[in-house]
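One structure is given here, and the rest of the page talks about it.
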Ligand code: HEM
């Protein structure tokens with residue numbers, strides 16, 4: 001017999017999360033960056049940007065997971081061999097950004113906000129960590145697989161998954177079966193109605209953090225194409241050692257991704273240098 005539940009509040013946490021995030025999932029699919037991606041309109045530049053953000057996000061998420069792996073509110077969901085993405089993303093970073101990727105990868109403002117939230121949850125409200133793990137890992141095992149195929153084709157990548165390790169789960173034979181197991185484990189978590197409500201809200205927040213990130217990346221890409229002529233800037237040349245050359249917003253001392261106007265305007269740099277030399281000579285002559 002079917003369980004009697006109010007239509008708006010499924011009993012199982014897995015069902016409740018799916019239901020509650022339906023609308024925000026649709027929003028995520030429909031942000032311009034994602035809409036373009038689904039149409040195969042993704043550039044190497046855009047792909048590198050999003051992958052670098054994912055690297056930072058998974059480092060933070062998995063750091064907090066390790067920290068809470070024995071916490072009863074997370075322990076049943078601890079599947080490092082099957083799910084954890086940090087090592088895969090490190091391979092992808094080396095592929096896309098070359099051997100010095102650790103200092104070269106961008107760290108955008110929206111990525112930093114996401115990372116801050118993950119650390120706050122991990123340290124202060126570990127009972128909400130399930131919401132972030134659910135949003136990322138089940139997403140990667142679902143729509144993520146479609147995005148992998150699109151990227152492979154659009155970016156003309158080798159079929160051996162180089163540069164796409166993030167999307168490959170070698171220790172999961174069937175994504176469908178694993179997702180079933182994961183949902184079953186989520187449903188074993190014991191939580192009060194109050195905590196459950198906060199978990200659901202946190203999952204929506206997690207989606208919104210992803211949406212904000214896509215919006216930011218889209219703005220950076222649009223700004224980038226209007227601000228510069230591709231392939232002639234020092235930024236591009238700096239990455240010639242990389243397997244996959246493309247420009248990315250540079251890191252500023254505050255860590256925000258911004259387009260460095262001087263590095264993109266060689267003419268401006270020359271004019272400023274020339275003015276400085278002329279001024280120095282003039283001061284020298286005046287002193288004589
Ligand atoms: C172009 C963008 C996207 C596409 C095409 C897409 C597609 C899908 C598809 C086909 C499913 C499987 C639905 C089902 O099994 O019933 C799914 C599930 C899921 N997606 Fe996405 N998705 C996208 C973006 C995202 C984003 C940005 C996130 C969050 C970061 C996300 C998180 C999830 C989650 C958590 C699930 C599992 C839902 C559940 O079974 O409870 N998706 N997605």
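Cβ coordinates are placed from backbone N, Cα and C, and glycine is handled just like the others.
The heme b binding site annotation in TrEMBL covers 18, 25, 134, 183. Taken from TrEMBL, the feature compositional bias 'Low complexity' covers 224-233. Among the features that TrEMBL reports, compositional bias 'Polar residues' is placed at 242-251. Feature annotation from TrEMBL assigns region 'Disordered' to 224-256. Among the features that TrEMBL reports, transmembrane segment is placed at 267-287.
Other than the site residues 18, 25, 134, 183, same-chain residues with C-beta atoms no more than 8 angstroms from the centre of those residues' C-beta atoms, the heme b site, are 14, 17, 21, 135, 138, 203. In this record, heme b is bound by 18, 25, 134, 183; the longest C-alpha to C-alpha distance in that set is 18 Å. There are 23 other CB atoms within 10 A of the CB of residue 134 (heme b binding site), with all protein chains counted. Long-range neighbours of residue 18 (heme b binding site) (same chain, six or more residues apart, CB within less than 8 Å of its CB): none.
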